Amino acid sequence: MFGSYGCDIVQVKLEKKKHLINFPWFCKHIKVKTPSGECFEFPCYCWLVDDKEVIIREGTARLPQDDTNKQRKNELESRQKIFRWNEWSPGFPESIDAKMGELPKDVQFDEEKDSDFKRNFLKDLVIDKVDGFFESWKDIADFKEILVHYNIKNTLLENVMQDWNKDYMFGYQFLNGCNPVMIRKCMKLPDKFPVTHEMVKGCLKKGCTLQEELQAGNIYIVDYEILNGVPAASSERHLTAPICLLYKNELDQIVPIAIQLSQTPGEMSPIFLPRDNKYDWMLAKMWVRSSDFLVHQLVTHLLKTHLLSEVFEMAMYRQLSAVHPVYKLLIPHVRFTIAINAEAREKLIGEDGVFIKVVSSINGAGMGKLIQNAMKTLTYESLCFPEDIKARGMEDVPKYYYRDDGKMVWKAIHCFVSAVIKIYYLSDKAVQKDVEIQEFVKDVACFGMNNSDNFPKSLSSREQLVEYLTAVIFTASAQHAAVNFGQFDWYGWIPNSPSTMRKPPPQQKGQVDLKYIMESLPDRECSSKVLGTVWSLTRTQENELYLGTYPDMYFTEQPAKEAIKTFQHNLDEVTNIIKSRNEKLTLHYCYLSPDKIPNSVAI
């Protein structure tokens, strides 16, 4: 069935009758050829479930102010009843009001993804029974036992296992590891971290004082204040809020020069130094890495990529019609995001999830407190990659490949978004008059982000819209890739990033030996679960859709298709630049190579 407007076909209606054996049908697109030979395209890419009808608009993208079809309003009213906001946990961004088995068919995993996901998570169950399952490990080398099930030959993990306890490797991870967003330039030491020149002079360039190196911009800091006051899971799983000072040495390496294992200086919170007893220094670094693991998993990874991308997806479905050009632009970048988050809420971060019950030092209450702390400081500007790099003073630090590659990918996405927006918005006024875009942005800030003042509630120019949509796409694709796919490389060797610590942090120097360290590190059960989990989380689908790969053609107009081709060309150039650079490096940095960045948060 179709309606016509002059000679143009403006929509078709599909109906599937309900039968005893009632399989859903998936419609990709419909093409209609008129008797005069004219062709009309109707992108659909949705499921027909039960006996509900689906009305598909002709594929030309239209802004709401240029569209008189009443179906647009009906479509959004219907979607808003299906995609309802819900507070899963106090203080969290809002998410979909549905559990895994209740999700709308259009956002569920397809058969291939569902099979991949189940197969990868079974690996976790297969490898987790080692001898003395609930005991401590006897020696650092014993952690190799749980890696025998994995092929780690010629991988980054091999380098990590070899050099994990060296100071250069510890510092390198703040630049190019799983959590490359914590480090910032330090021009003035905070009062709560009273490091003196006498403490660190042996680490500094000969003849230079600590104050001179601060002023020269060679000192960096990582502060886990966000963990302060967060309750630990139990008396057997501990956490703290350390501060670490780092130095750019004459080899252009970032190395640690001082660590305090709390936010409160004093006799019971000494500042650990590289010249201390080797076990004191080793354990201090382990505590920093363990804290980094928690902040990475729950803030950098879960909150700032998974949960934020779900907020953007929910607002998109609720406020943007399928014929809106921004809907067509964003839809490939929200693929499977609601579904993977629903799985995470049940299997990973729920009360019975592996992360809460076994893996980490945090329980449900602690996770809630940490997310609430993070939400207070989370800003829209921090999602804009160049702004975040600048805010942390990290523009010129050497060997910061996360920054170098991220800037190239951000630029490619920004150019693509700008090209598409200029096709459909001829002026800033068009953005201001677009009620759907304004409601989309407002829905993100007022509902998804709990009425946050740190997110814009309206947009007034094409430039603002381009930056906003670039941040949405970059967060879902590149940023998630950067903080997700290195987990097996960096967390696969448990001593490098312990997910939990079973002994409290030392309050004096000279009290630690190897036995105490082994009793502090995760036991065999926890280690096995961590390994299985991070392995699973770093698997991509066999037929993964990488950045700029759009097999479902939502855009039907030639200028938009040309913009996509240019985007793909620019991404290929970035991939080649990164490949050339990596050929000269011992430790390759591949997480932001476009050919390894999935379009969306899908794992």
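Sequential numbering from 1, following the chain as shown.
Glycine too: its Cβ is placed from the backbone N, Cα and C atoms.
Whatever TrEMBL says is automated annotation, not expert-curated.
Predicted, not measured: the structure shown is a model, and the values here were computed from it.
Residues or ranges marked as Fe cation binding site in TrEMBL: H301, H306, H480, I603. Long-range neighbours of H301 (Fe cation binding site) (same chain, six or more residues apart, CB within less than 8 Å of its CB): C178, H480, V483, N484.
Positions annotated as domain 'Lipoxygenase' by TrEMBL: 58-603.
What TrEMBL records for W47 is site 'Essential for stabilizing binding to COTL1'.
In this structure, the C-alpha atom of I603 (Fe cation binding site) lies 22 angstrom from that of W47 (site 'Essential for stabilizing binding to COTL1'). Excluding H301, H306, H480, I603 themselves, the residues of that chain whose CB lies within 8 A of the CB mean position for the Fe cation site are, in sequence, L302, T305, S309, I340, V483, N484, L537, V601. Of the recorded residues, W47 (site 'Essential for stabilizing binding to COTL1') and H306 (Fe cation binding site) place their C-alpha atoms 24 Å from one another.
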